[in-house]
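The following features are taken from Swiss-Prot:
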BINDING   130, 151, 172, 239  S-adenosyl-L-methionine binding site
C-alpha cells in the first residue's frame, strides 16, 4: 500500500448522474456519493480522469446546447483502509415499504429488501430523486401491472417494481448501466423481464436476458415481450435530467397507456414550471420535493 492516495470530488448542479455514470465507463470501481457530489479515490494520479470529465462536459454542452455545470476539486491524503471506512459509513435507508441496503448490512424482515452496493452501482437510493421515486412506486405501482423504467441506471427502481409484482421493461443509453441492472437484479433474486441498451424508441434493438445474452435482434420476433407489454405501459418512470426528459417528452407520453401513470424525477426546482407546461396535456396528480429536487406524478386520460 502506498503512503498517500489521491482524492477527487466532482459536483454538477444539472448533470450529476451523467458524470457518475461516465466515471464507471472510465473504469472507476467505487465512488462515495455525497448530498450534491461524489468522490473518487485512487492510489494513482487522477489527472487523466479530470481531463476526461472536462471533455465529457464539453460534449454534453454541444449535444444539449446548454451550459453543463462541473466543479472538480483534488487533494492528496494519507493512505488508510478507506474502502473499509467507506463501507462502514454507508447506512441502509427505509423508504415506504422498501429497505435499501448494501450487501454487508442486515435486512429487515418486515420490509421489502433491496440490495444495492454503491461501489458498483449508479444509484443506491440515497439521492433525493431516487428516494422520491421509491416513495411514489410504493404509492402508485400496482401488482400485476406493466412498467417501463427509462434510464434504469443501477436497476434499483426496476428491482423495486419487480419485488411488488409488476412486469418490468427497462432501458438505458449506457451499456454499463444495463449490465449493472442485470447484475443487481440477479443479486436481489428477481428478473427484469426485458432490458435493452438505448432509449424508448430503441426497443426494437437487441434485447438482453438476465444473463446478458441477446435474445433477439428484432423486438417483433419476441412474441412474449409483445404480448406482455404492447409498447404501452400501465406505469412509466423516468429518473433522468431535465434536458433528456424534454427530448423524450413525446416518447414518454406515448409509452403510457390510457389511464396509466407517468412519474418524472431528477428535476431541479428551477425547471418545475417547464415540466408542468410540457406535460400539461396530462393530469398532474402529485408533486414531491426534497431539497432542490422535484418529482411529478402524471396520469394519462
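Note that Cβ sites are derived from N, Cα and C of the backbone, with glycine treated the same way.
Counting every protein chain shown, the number of other Cβ atoms lying within 10 Å of the Cβ of residue 130 (S-adenosyl-L-methionine binding site) is 28. There are 27 other Cβ atoms within 10 Å of the Cβ belonging to residue 151 (S-adenosyl-L-methionine binding site). Cβ neighbours of residue 172 (S-adenosyl-L-methionine binding site) (same chain, under 8 Å, six or more residues apart in sequence): 151, 152, 153, 178, 181, 197. Take the CB of residue 239 (S-adenosyl-L-methionine binding site) and look out to 10 A: across all protein chains shown you find 26 other CB atoms. Across the residues the record lists as binding S-adenosyl-L-methionine (130, 151, 172, 239), the two Cα atoms farthest apart are 16 Å from each other.
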